[in-house]
Amino acid sequence: MSSKSDLGDSEKNPNVDSQTVLQTRDVDVAAMVVTDVNVPETLTDDVAKRIRNKVDKHLLPLMCLTFVIMLSDQVVVAQSAILGIFPGARLNQDQFNWLATVLYISVMAFEYPQNLALQRFPVAKWISLNIFIWSIALCCHAAARSFGALVACRMVLGACEAVIVPGFMIITSMFYTRKEHTQRVGYWYLTGVFGASCMGFVAFGLLHVTGTRLMQWQWMMIIMGIVSFLYAIVFLIFFPDSPINARFLNPEERALAVQRIKVNQAGLENKKWKREQFIEALLDPKVWIMAAFQFISHVPISMNFQKQIIVSQLGFNAIQTTLLSCADGVVAVLGILIGVYLASIPSIGNGYAGIIMSVPPLVGSILVNVLPSKPKIALLFMYWLSYTVSSPYTVFFGWVISLSAGHTKRITMNTIILVSGYAGLAVGPLMWRKKYQPRNRVPWIVVSVCVVTSAILLFILRTMLDRENKRRDREPRSTQYDEVFVEKVAPDGSVTIHRVDKAFLDLTDVENRDFRYIL
């Protein structure tokens, strides 16, 4: 007969059998780690900083590089606009726009399956497999000589890229505290934007490649496909699935890393899909406010796919357009840095930072529409100002990771929000119609309206969360989940009973009344 003991808790709880005893599959995986190693309840600032710095050193470079690869692969067709893809693949303007839309439709279709796969399979290994497949799909772009063939390649690319953002949202919540989320997301997102903009230099070099059997746009696809393939191998070797199996941490440091993020009240992960959490996510009003923001804020971001055409129609030639497009990344990075900095100021926070960062793209989109066609430099600067439209979204993206708990609810919410964003990206390119060229007055009006509306939604969301925090502060503290235990079976067959902290019970943000929303 198995023996039962409560490591360190039996004296407090002499009658363990009368308490709630769960199976390991019902609780967060972090619950098992903290019982294996004796770690302090609260970490000192020096220990927490040492663990965070070690995580930063090993994770951030790979996360940043992954985002560079993903965004570069997404905009590679946009760069190909001046490298001969129109005659090479026999495309017209509407078909070219649909290549962006098809990618995001594919991402939307595969977003929830990819989230379920992330819950079921090791996160890093599943991501690396998808990078490997999309690298092959990208190389296949070079063999496409028709709109239909390119659509097929874009659909495979979108299906695989659907894993990156939700995967990184999960990874960020595993390794970092909620106060660190926005800054870390800002790092890898701004790096990705800047790296993707540097594709302009690659396109500039390819403009000078002549006398080969392959066209310039085909070389672009092959180069990026090979780079992605090699990177998939690097990612597989060096990226951990979670703090539990991070090879750059020793067993004690893994337990400390888990203990460090206990303040999130969200745990690491749980491999069991929970129907009640799925339903809660669908009925949570804040999820749909965030989904509306995602859709509306992503419609203007479609200018990323049109940037070469937009700049060239201001009156610049192909080489000038290619080099000027590199400045887009610098502008976007500056906008993101300012947004992340504002979000780190306690009196401003994420919500107000996103609203403040909506002002520059609003001003830019209005002035690029009302200024005269000459001088073209003035229009170029207003276009660059409007290009900061990704700043509010980046701040929001770091914020949203902190606004839910419960693994099934989290992946469901992530799916809803990401699908909404990709829906905006899918419809956005369709407004840049040829009949609106060269000034694109109607698309710029849509951009202005979307920026204002998304800022209003951020204000509504922040107000809603602030009121909920104050409501919970007024409530008497709930002790419902204070005495919960989990059975752990040892290799010799004996069973031990461990008390589980509320933070590792895989509770949702609604169930856990100690959960407070970051503003």
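Using the three backbone atoms N, Cα and C, a Cβ is placed for every residue, glycine included.
Feature annotations, reproduced from TrEMBL:
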type: TRANSMEM; residues: 59-83; note: transmembrane segment
type: TRANSMEM; residues: 95-112; note: transmembrane segment
type: TRANSMEM; residues: 124-144; note: transmembrane segment
type: TRANSMEM; residues: 156-175; note: transmembrane segment
type: TRANSMEM; residues: 187-207; note: transmembrane segment
type: TRANSMEM; residues: 219-239; note: transmembrane segment
type: TRANSMEM; residues: 321-344; note: transmembrane segment
type: TRANSMEM; residues: 351-371; note: transmembrane segment
type: TRANSMEM; residues: 377-401; note: transmembrane segment
type: TRANSMEM; residues: 413-432; note: transmembrane segment
type: TRANSMEM; residues: 444-465; note: transmembrane segment
Output the single range from 95-112, 124-144, 187-207, 351-371, 413-432 maximising the number of Cβ pairs under 8 Å to the transmembrane segment (219-239).
124-144
Hey, would you say the transmembrane segment (187-207) packs against the transmembrane segment (124-144), going by three or more CB pairs under 8 A that are 6+ residues apart?
no
Most Cβ pairs under 8 Å with the transmembrane segment (377-401), selected from 59-83, 156-175, 351-371, 413-432, 444-465
351-371
Could you tell me what the rest of the chain brings near the transmembrane segment (59-83), counting residues at least six beyond its ends with Cβ under 8 Å?
96, 99-100, 103, 127, 131, 134, 138, 141, 150, 154, 157, 161, 164, 168, 171, 175, 184, 187-189, 191-196, 199-200, 202-203, 206-207, 215-217, 220-221, 224, 227-228, 231, 234-235, 238-240, 304-309, 312, 318, 321-322, 325
What parts of the chain pack near the transmembrane segment (444-465), using Cβ distances under 8 Å and only residues at least 6 beyond its ends?
285-286, 289-290, 292-293, 296-297, 299-300, 303, 349-352, 354-355, 358, 361-362, 365-366, 368-369, 386, 389, 392, 396, 403, 431, 517, 519
